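Engineer: Summarising the annotation, TrEMBL assigns active site, proton donor to GLU203. If you look up TrEMBL, you'll see HIS20, HIS22, HIS200, ASP281 marked as Zn(2+) binding site. What TrEMBL records for ASP282 is substrate binding site. What TrEMBL lists as domain 'Adenosine deaminase' is 15-334. According to TrEMBL, the feature site 'Important for catalytic activity' maps to HIS224.
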Amino acid sequence: MTDKNSIDAFMRGIPKAELHLHIEGSLEPELMFALAHKHGVKLPYASVEELRNAYQFDDLQSFLDLYYAGAAVLRDEDDFHALTMAYLKRVHADGVVHVEIFFDPQTHTERGIAFATVIDGIRRALADGEREFGITHRLIMCFLRHLDAADAMRTLEQALPYKDAIVAVGLDSSERGHPPSKFEAVFSRARSEGFLAVAHAGEEGPPAYIIEALDLLKVARVDHGVRCEEDPALVQRLVQDRMPLTVCPLSNVKLRVVERMQDHNLKRLLDRGLCVTINSDDPAYFGGYMFANFQAAQRGLDLSREDITQLAANSIEASFLRAAEKKHWQEKIREFVAA
Ligand code: ADE
Ligand code: ZN
């Protein structure tokens, strides 16, 4: 086996968790067209190929415009089931053993789809996926930060009957101009209801937004967080607290957070002792699922087997699995590396 084949097999095979995945961002053009046809929706693209060619982004907002438009084909429970099942099947082939999935209820409730339709379809697929592929799961409900805090609070209230199914609340969508502080009261209420908290911060926004996410929203993980490097005291704090960052390498290149993969700070942050993980964010839009993200980062940053092992171990450490489950997977990672 060549060196490349061998490190690829290692990256694919090592047990790992995906912690930053927007289920709506796993909607492949083929399924988008099939659902558009099913519901009699006309897409502004003539073919799958034409749609894929439109996936050229200047920044986060230019992506979000397409992402929200695409999600409009998701209408009934079976659509959300099909979407989630396709994702699980795909990442099973990448050696993913556990997933923590974001969903954006407001993207759907805003267009008259019931909260129950969304969550019931996703949950049914997660249960089917665990039975079929052995992939365990947690569900994280994100608030759209470009909408107001009152809308987020109403969404939180809709989620209360599903407390047992949702482990955490998150914060996503347009970061610039929508600081975490806008959602302090919503997150406070969510935590008092028993939800854990995560938030996108420091993707396009400044390090100050990461500090707000930690201090005001009391997050257990920071999604992206790559701009922390601009504030050395913050980096030190993240290292000291072993605060996980769910980094998304292909997303960062596609949305021009970094110019090229070779410029990504993932390896520097890992070497600094940060609990960095690799994730796919919106794989249908950014050119690949978990393995593709590992592969692109490995090639661009010359990651070693030790780096890959650390990234996989970090993904288990940073997950919301129970202590015994984490112990089980850390042991499996050690066995895999030894073999
Ligand atoms: N929603 C889906 N993907 C996102 C990202 N990368 N940043 C913010 N919001 C998102
Ligand atoms: Zn994201």
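Placement of Cβ uses the backbone N, Cα and C atoms for every residue, glycine included.
TrEMBL entries are annotated by machine, without manual review.
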Engineer: Can you go through the recorded positions HIS20, HIS22, HIS200, HIS224, ASP282 and pick out those with a C-beta less than 6 angstroms from ligand 1?
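Structural biologist: Only HIS22, HIS200, ASP282 meet the Cβ criterion.
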Engineer: Within the domain 'Adenosine deaminase' (15-334), what mean pLDDT does the predicted structure show?
Structural biologist: 98
Engineer: Which of the recorded positions GLU203, HIS224, ASP281, ASP282 have a Cβ less than 6 Å from any atom of ligand 2?
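Structural biologist: Those recorded positions that pass the cut-off, since their Cβ is under 6 Å from ligand 2, are ASP281.
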Engineer: Return only the integer: C-alpha distance in Å from ASP282 (substrate binding site) to GLU203 (active site, proton donor).
Structural biologist: 14
Engineer: Which of the recorded positions HIS20, HIS22, HIS224, ASP281 has its Cα closest in space to the Cα of GLU203 (active site, proton donor)?
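Structural biologist: Comparing Cα positions, the closest of these recorded positions turns out to be HIS224.
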Engineer: For the recorded positions listed here (GLU203, ASP281, ASP282), tell me which residue's CB has the most neighbouring CB atoms inside 10 Å.
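Structural biologist: By the 10 Å Cβ neighbour count, ASP281 comes out on top.
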Engineer: Least buried of the recorded positions HIS200, HIS224, going by other Cβ atoms within 10 Å?
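Structural biologist: With the recorded positions HIS200, HIS224, fewest surrounding Cβ atoms within 10 Å: HIS224.
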Engineer: Same chain, not part of HIS20, HIS22, HIS200, ASP281: whose C-beta falls within 8 angstroms of the C-beta centre of the Zn(2+) site? Give them in sequence order.
Structural biologist: LEU21, GLY25, PHE102, ASP172, ASP223, HIS224, THR246, CYS248, SER251, ASN279, ASP282
Engineer: Roughly how many Å lie between the Cα atoms of HIS200 (Zn(2+) binding site) and HIS224 (site 'Important for catalytic activity'), rounded to a whole value?
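Structural biologist: Pair distance, Cα basis, whole Å: 6 Å.
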Engineer: If you skip the near sequence neighbours and keep only those at least six away, which residues in the chain come within under 8 angstroms of HIS20 (Zn(2+) binding site), Cβ to Cβ?
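Structural biologist: Listed in sequence order: GLU100, PHE102, ASP223, HIS224, THR246, VAL247, CYS248, THR277, ASN279, SER280, ASP281.
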Engineer: Sequence gap of 6 or more, Cβ distance under 8 Å: name the residues on the same chain that satisfy this around HIS22 (Zn(2+) binding site), in order along the sequence.
Structural biologist: TYR67, PHE102, PHE103, ASP104, CYS142, ASP172, ASP281, ASP282
